[in-house]
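Participant: For reference, Swiss-Prot lists these features for the protein:
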ACT_SITE  95  active site, charge relay system
ACT_SITE  137  active site, charge relay system
BINDING   190, 206, 207, 208, 209, 390, 391, 392, 393  FAD binding site
BINDING   269, 270, 271, 272, 273, 274  NADP(+) binding site
DOMAIN    1-138  domain 'Globin'
DOMAIN    152-257  domain 'FAD-binding FR-type'
REGION    149-403  region 'Reductase'
SITE      29  site 'Involved in heme-bound ligand stabilization and O-O bond activation'
SITE      84  site 'Influences the redox potential of the prosthetic heme and FAD groups'
SITE      389  site 'Influences the redox potential of the prosthetic heme and FAD groups'
């Protein structure tokens, strides 16, 4: 257990970590992968190449150090990390490896400043965090495998249908090989896919949001084709109906809360996928919760699920939509295909927002999430009624300790 003296040492190292955090994490990843190349099967190499993962880990380490006296303050973020780890099949034996190379990187970058008492304090702090994460993740693994239809690790699914939803987004309907019932998921959660792209030495793991209401016999994900994206290009271009993909049990903490409050769903681009699962689930359950569905797309050619959302306006009496096109095409009709020309703005959505203390869910790229945060700040929406998912590593203590 960390002593008060060790906690004080960890907190005192925050300025040094702020100054050298990204260098430490880059050094950590390079040395760990050199010694344990098998871990490259867990990590997204694109995030390594761009430095996103190094920045993300540096931010995580800083947040942990700053909250070392009261780690329970990071409870929600720890849960998000645990969900991501479970989706990657991170195991207890991975934690000592990470600890060894993280401490080695701290020692190497800080040099003479890394006194033995500093390294001992950080070893104790990391040990406590590892024990916490291992315990939480064990509970998640046991729950995932123990529920009806559940499983552990990755299992084969067959692509039953492949459907183009827009010029850049394609849906994959997945059924378990051998059949059988599937465990239900919470709308907003995601699947992890493990694929071996031809010509690549390592397995690739990616997460994709489930994009419809839960079904007992299939899952659906909807994937945006990213220019230069190794896995998305492979899924769009090579994977066909009848092919098999390895799938992990659903995970994720960006889920619809069990309340009776009005719901505001705000998305951009492929961020529409978890929102569609949420609103379809409410509609199928006959919920009385008012839903305002706000979506931003470049234009109609990339706007996925337009017809699905339009149907909801007729089938779900408590549903209202506002669609923004910031670069409408010649065939995009204002009032039919989209409701507002231009970018998402507070003035344009204020009149569509429900009365009362609504819950706000928003999903999209990091820049979009920042714009939504500014709108919610103007509306004085408290943190406990904000729920968000950002694709890619977050720049806060929300991504992952390992991957």
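Start at 1 and count along the chain as shown; that gives each residue its number.
Backbone N, Cα and C atoms are what each Cβ position is placed from, and that goes for glycine too.
These numbers come from a predicted model, not from an experiment.
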Participant: State the three-class DSSP label for residue 271 (NADP(+) binding site), counting H, G and I as helix, E and B as strand, and everything else as coil.
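Facilitator: In the DSSP reduction, residue 271 (NADP(+) binding site) maps to helix.
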Participant: Do me a favour and check the Cα-Cα span between residue 137 (active site, charge relay system) and residue 95 (active site, charge relay system); whole Å is fine.
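Facilitator: Per the Cα atoms, residue 137 (active site, charge relay system) and residue 95 (active site, charge relay system) stand 12 Å apart.
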Participant: Report the residues of the chain - excluding 269, 270, 271, 272, 273, 274 - with C-beta within 8 Å of the mean position of the site's C-beta atoms, for the recorded NADP(+) site, in sequence order.
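Facilitator: These residues sit around the NADP(+) site: 209, 211, 222, 224, 267, 268, 275, 276, 304, 363, 364.
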Participant: How does the domain 'Globin' (1-138) divide up by DSSP, counting helix, then strand, then coil residues?
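Facilitator: Across the domain 'Globin' (1-138), the residues distribute as 118 helix, 0 strand, 20 coil.
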Participant: Could you check which of these recorded positions, 29, 84, 190, 207, 209, 389, sit within 10 Å of residue 270 (NADP(+) binding site), going Cα to Cα?
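Facilitator: Neighbours among recorded positions, in sequence order: 209.
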Participant: Starting from the Cα of residue 207 (FAD binding site), work out which of the recorded positions (84, 269, 389) are within 10 Å.
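Facilitator: Of 84, 269, 389, within range: 84.
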Participant: Would you kindly give the Cα-Cα distance separating residue 190 (FAD binding site) and residue 29 (site 'Involved in heme-bound ligand stabilization and O-O bond activation'), rounded to the nearest Å?
Facilitator: 26
Participant: What average pLDDT is reported by the model for the domain 'Globin' (1-138)?
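Facilitator: Per the prediction, mean pLDDT sits at 87 for the domain 'Globin' (1-138).
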Participant: Recorded positions 84, 95, 190, 209, 389: which have a Cα within 10 Å of residue 274 (NADP(+) binding site)?
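Facilitator: Candidates kept after distance check: 190, 209, 389.
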Participant: Closest to residue 269 (NADP(+) binding site): which of the recorded positions 84, 95, 190, going by Cα position?
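Facilitator: Closest candidate to residue 269 (NADP(+) binding site), judged by Cα separation, is 190.
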Participant: Which whole-number value in Å describes the distance between the Cα atoms of residue 95 (active site, charge relay system) and residue 389 (site 'Influences the redox potential of the prosthetic heme and FAD groups')?
Facilitator: 26
Participant: What same-chain residues, at least 6 away in sequence, bring their CB to under 8 Å of the CB of residue 190 (FAD binding site)?
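Facilitator: Same-chain residues close to residue 190 (FAD binding site) (Cβ under 8 Å, separated by 6 or more) are 87, 207, 208, 209, 210, 221, 250, 251, 252, 274.
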Participant: Report, in whole Å, the straight Cα-to-Cα distance of residue 389 (site 'Influences the redox potential of the prosthetic heme and FAD groups') from residue 271 (NADP(+) binding site).
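Facilitator: With distance taken Cα to Cα, residue 389 (site 'Influences the redox potential of the prosthetic heme and FAD groups') is 8 Å from residue 271 (NADP(+) binding site).
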